[in-house]
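Chemist: Not my notes, these are from Swiss-Prot:
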- 97-189: disulfide bond (DISULFID)
- 5: N-linked glycosylation site (CARBOHYD)
- 1-25: topological domain 'Extracellular' (TOPO_DOM)
- 47-54: topological domain 'Cytoplasmic' (TOPO_DOM)
- 76-99: topological domain 'Extracellular' (TOPO_DOM)
- 121-139: topological domain 'Cytoplasmic' (TOPO_DOM)
- 161-197: topological domain 'Extracellular' (TOPO_DOM)
- 218-237: topological domain 'Cytoplasmic' (TOPO_DOM)
- 259-271: topological domain 'Extracellular' (TOPO_DOM)
- 293-312: topological domain 'Cytoplasmic' (TOPO_DOM)
- 26-46: transmembrane segment (TRANSMEM)
- 55-75: transmembrane segment (TRANSMEM)
- 100-120: transmembrane segment (TRANSMEM)
- 140-160: transmembrane segment (TRANSMEM)
- 198-217: transmembrane segment (TRANSMEM)
- 238-258: transmembrane segment (TRANSMEM)
- 272-292: transmembrane segment (TRANSMEM)
């Protein structure tokens, strides 16, 4: 299609929460508090696992990497959301918008792969306990972690490449809280059917495939737990999976509804609500889920606090 007579949009305006203009300052304070607690919580888990030798196991190795990825995942969107809540000019450059989409989706994909790796780790620990030490070696853990990061960073390249070639001649108002594929594609001055299809296929492969692998792992885990004769043994097995399974339900419940759907239209209120869940609430809840439900992490935090003299 000839785009020679069209002027390319240089920046976008992120509308954010247009129906809540009167309470922007309160939203800012609430979001700032959530962001600070998210950063502190995930950073605490990452440092505690790194510093406490008792937590140098495959399960906590993946937990620490997940917490580290959450720091980048939230940094990709929340600081800009905070700035927009205080600013009259809620703009972002075209290249800045694409960078935000890239980092948000690459780190989100990394989280999908890490959650899958954690499910596989729990499957080996519960279903094949005798072979677990020889199967889940430190070398394999490192290789899986590197694979998760490389796969995540490479994931959005095709979609970003395609969207960067689209003409955007106006309007330039993004009806969302941050830059993302669906709301940005809706502003293109040409047919985006190919982009929507590619986005759907990639997200289906990435999100559905990892979710199904996690489900398969948990089906095997449940079958194994049901065969455990003692109630104490069943409780112990379930306790090692409860935190991870809770995170999976919250995270995948929102991203499946948002991204695994073949559509060109965009629903402001519905998609904004989902975006807040998977971009703000899930990273915020993860440290609480992993620490409050995990005695080993709570004990490790106490040991580190005693070591530096905060606790007697």
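Positions of Cβ are set from backbone N, Cα and C atoms, glycine also.
Quick one: where do these features end up spatially?
Modeler: Within 10 Å of the Cβ of residue 189 (disulfide bond) there are 17 other Cβ atoms, across all protein chains.
Beyond its flanks by at least six residues, the topological domain 'Cytoplasmic' (47-54) meets 60-61, 63-64, 67, 296-297, 300-301, 303-304 of its own chain at Cβ-Cβ distances under 8 Å.
Mean pLDDT of the predicted structure over the topological domain 'Extracellular' (76-99): 92.
Long-range contacts of the topological domain 'Cytoplasmic' (121-139) within its own chain (CB-CB distance under 8 A, at least 6 residues past either end) are made by residues 58-59, 62, 217, 220-221, 224-225, 237, 240-241, 244.
Note: the topological domain 'Extracellular' (161-197) comprises 14 helix, 2 strand, 21 coil (DSSP; helix = H, G, I, strand = E, B).
Each residue in the topological domain 'Cytoplasmic' (218-237) gets a DSSP state, and the totals come to 16 helix, 0 strand, 4 coil.
Non-local neighbours of the transmembrane segment (55-75) in the same chain are 35, 38-39, 41-43, 45-46, 48-49, 103-104, 107-108, 110-111, 114-115, 117-118, 121-122, 125, 136, 138, 141, 144-145, 148, 152, 240, 279-280, 283, 286-287, 290, 296-297, 300; each lies 6+ residues outside the stretch with a CB under 8 Å from one of its CB atoms.
Long-range contacts of the transmembrane segment (140-160) within its own chain (CB-CB distance under 8 A, at least 6 residues past either end) are made by residues 58, 61-62, 65, 69, 98, 101-102, 105-114, 117, 181, 195, 198-199, 202, 206.
Here the transmembrane segment (238-258) has Cβ contacts under 8 Å with residues 59, 108, 111, 115, 118-119, 122, 125-126, 182, 207-208, 211, 214, 218, 221, 225, 271, 274-275, 277-278, 281-282, 285-286, 289-290, 293-294 of the same chain, all six or more residues outside its ends.
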Chemist: Cβ pairs under 8 Å only, please: of the recorded stretches 26-46, 198-217, 272-292, which one is richest in them relative to the transmembrane segment (100-120)?
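Modeler: Top-ranked stretch among 26-46, 198-217, 272-292: 198-217.
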Chemist: Hey, which bits of the same chain come close to the transmembrane segment (272-292), Cβ under 8 Å, at least six residues off its ends?
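Modeler: Sequence-remote neighbours of the transmembrane segment (272-292) are 17, 31, 34-35, 37-38, 41-42, 44-45, 63, 66-67, 70, 73-74, 77-78, 104, 108, 176-178, 180, 243, 246-247, 250-251, 253-255, 257-258, 298, 301.
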Chemist: How many helix, strand and coil residues does the topological domain 'Cytoplasmic' (121-139) contain under DSSP?
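Modeler: Tallied per class, the topological domain 'Cytoplasmic' (121-139) gives 13 helix, 0 strand, 6 coil.
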Chemist: Taking a Cβ cut-off under 8 Å, which residues six or more beyond the ends of the topological domain 'Extracellular' (76-99) line up next to it in the same chain?
Modeler: 8-16, 24-25, 27-28, 31-32, 35, 38, 107, 160, 163-164, 168, 174, 177-179, 184, 279-280
